[in-house]
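Features reported for this protein in Swiss-Prot:
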- V1: N-acetylvaline (MOD_RES)
- H63, H92: heme b binding site (BINDING)
- K82: N6-acetyllysine (MOD_RES)
- C93: S-nitrosocysteine (MOD_RES)
- K144: N6-acetyllysine (MOD_RES)
Amino acid sequence: VHLTAAEKSAILDLWGKVNVGEIGAEALGRLLVVYPWTQRFFEKFGDLSSASAIMSNAHVKSHGAKVLASFSEGLKHLQDLKGTFAKLSELHCDKLHVDPENFRLLGNMIVIALAHHHPSEFTPCTQAAFQKVTAGVANALAHKYH
């Protein structure tokens with residue numbers, strides 16, 4: 001992902017204030033509510049019958065935190081996202097058979113959760129930078145599909 005110095009600074013400044021567990025839980029929860037067909041990958045998580053059930057589900061919260069921890073690791077390796085996410089790409093492609101479009105959708109949910117929790121810092125320029133990063137991560141996760 002090519003970022004300007006200002007974009008990289010905006011990302012890292014905001015990321016220093018992010019509660020990974022909170023943002024991850026909200027992003028994954030929103031994905032499952034807004035795009036209900038994604039729930040089929042999480043059937044073992046128990047009750048996903050309503051928005052409130054999903055957003056309060058301990059398994060969703062835990063996995064969301066895990067997902068965002070991986071995303072956070074990617075922020076440390078912006079010049080090698082494909083390498084950073086190679087094993088996860090292989091897992092999601094070969095074993096889990098996740099539609100790679102879901103990575104883009106989840107990236108959008110991360111952006112929404114960041115805007116929700118950090119409204120004053122989440123300027124249009126910061127959003128543009130995060131959109132670049134989430135697109136780069138989605139592309140890296142989809143790499144093994146190509």
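Easy rule for this one: first residue shown is 1, then count along the chain.
Here the Cβ of each residue, glycine as well, is placed from N, Cα and C on the backbone.
Taken residue by residue with DSSP, V1 (N-acetylvaline) is part of neither helix nor strand, so it is coil.
Each residue contributes its Cα atom, and for the residue listed as 'N-acetylvaline' and K82 (N6-acetyllysine) these two points are 10 Å apart. Using a 10 Å Cβ-Cβ cutoff, H63 (heme b binding site) registers 17 neighbours. Counting only the Cα atoms, the space from K82 (N6-acetyllysine) to H63 (heme b binding site) is about 22 angstrom.
The secondary structure of K82 (N6-acetyllysine), as reduced to three states from DSSP, is helical.
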